[in-house]
């Protein structure tokens, strides 16, 4: 690898030493071409694009206004810029500079020669000339006599420009993409060989994007596919490498924004970003996001990437060591799903410079797969509660000012003996750890008398790390969580001390504290259930993290979200769609799912086709995971045990996909879960009984 880079560097140095004059000529030609494109876009009579980006073109030629500059004291010596009627050589210089330009530009520049006396605007690239007042009059006459012919040329140029856009061919587009790819690849090679600075490289990259299809201002009349265009995939990879790895420092924030915006208009021109996408023309900068690898993704390297990750999970953990919670996530990354490419995200809790160097080494592993590293890590989704913010304590009823309505930071059932799923849960003695009640499972004993004692029993399920502890083997469980109720009570008591004795406010706080005490005492007298089995272990390279709780017979157990829970953003989650009616064993990549956790409530996402690999508890593990969509939040601390659900397509009701056990602690956009099929299979292996989400039918 190093030798290859060294050879390239040597060739580049020889080329620079031998071809310097030619390079200078080429740069001048490119500058001239760029100026032509900018002016043609600006005067197109058939375009209705009012985008500020096009109105304020970045090309240097757009700094011309209606007034061409005059001789000024801003000049350091007798050398100054050719301007208006004050310089005789200005006209010839401008004609020479614009000889390869369209008639439109000549017309606009020549019109400026009549605006003598308007405010000065400095132009940096005009050739300096000697002040020779004696020739000004003759030059001005020459300009005036040529105005009519120039206007005719301008009209022809506009017509030719419009015709060329209409006659653009697919072959020409692919050729332009190939040229852009070659230019960007050369830039990236120079960066990796330290031939060019990142600042200069990103400027060159931006210029290349400006020169792409210069006569096409709006969208092309074709649809370019990432799956079929290797050049487009490589271009995307290079841009993402800039944005995610090379320009991460705050010093490059401006360059990063400009490149991202240019890339956005590039994708829009190729119809990879449509008007229906989330990115709008309101002036808000586009942003990179992560997306799931769905069933419709046919990118070439997807199968190979999946094989590598599968082999990685089979490696001996004794020869591997990494930071606790570090992970590798195969995803799609880009501005929109259609414009995204395969990406490997390396999450590390302690991100260092050497990790970015590792990305440079891995850059050439796949020609069209992006790689980047972020500060992130996998952690358990149980919550270690310290305190509850006081702003959630109470709200005043505007109708009756003397009444106070308190809103606890946890779900409360209307009937304490009918607890819906997704409520908060903790052990009776826990002081910090709290999670979510996933749902209810029922043993299917059949006619076997050996298990007849379990025939009418109901069992709740949650994550083992929420309810198992070394201090107690079979702890009692409380729903709602004892941890959340106790913390909420402390907040109210502390807040009540701020009001004088006998005040209406203090009385209201103390009444709510009394209500919480009554509920806690009732829960201790009417125990919800007791943990009878649980494990957190690696079984066949997969995490088995769940526990079953034998529910007291006085409680009515149904797998329903309940009517007493807080409102959902999805208006269809009503009536029959509140009930879990089916187990989903065949998970389809890209399937839309949601969960209702005790901490974050309702969040949605999509199933990823390839598993996530992570390092935890001294072992290499893998897990199915959900990518948050459309908002970049799926899970947080306190959501452990929440069921992953989906709306059924062929009938009313919900389908059970799995149970959440972990999430990425920094960005909280991934939710790791255990499929329901694996849970039921493991329960059958341990208990020798079949389990289901519906009670066993009599007889």
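Backbone N, Cα and C define each Cβ position, glycine as well.
Residues or ranges marked as active site, charge relay system in Swiss-Prot: 465 (among others). Around the Cβ of residue 465 (active site, charge relay system), the same chain contributes 380, 382, 433, 536, 545, 640, 661, each under 8 angstroms and 6 or more positions distant in sequence.
A simple way to gauge crowding: the CB of residue 545 (active site, charge relay system) has 27 other CB atoms within 10 angstroms, across all the protein chains here. Marked as active site, charge relay system by Swiss-Prot: 545 (among others).
Taken from Swiss-Prot, the feature active site, charge relay system applies to 640 (among others). Around the Cβ of residue 640 (active site, charge relay system), a 10 Å sphere holds 32 further Cβ atoms from the protein chains shown.
Taken from Swiss-Prot, the feature compositional bias 'Polar residues' applies to 24-38 (among others).
Marked as compositional bias 'Basic and acidic residues' by Swiss-Prot: 39-51.
Residues annotated as compositional bias 'Low complexity' in Swiss-Prot: 61-78 (among others).
The compositional bias 'Polar residues' annotation in Swiss-Prot covers 83-93 (among others).
Swiss-Prot lists 97-109 (among others) with the feature compositional bias 'Low complexity'.
Feature annotation from Swiss-Prot assigns compositional bias 'Low complexity' to 144-154 (among others).
Under the heading region 'Disordered', Swiss-Prot lists 1-113 (among others).
The region 'Disordered' annotation in Swiss-Prot covers 128-158 (among others).
Feature annotation from Swiss-Prot assigns region 'Serine protease' to 459-699.
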Under a three-state DSSP reduction, the secondary structure at residue 465 (active site, charge relay system) is helix
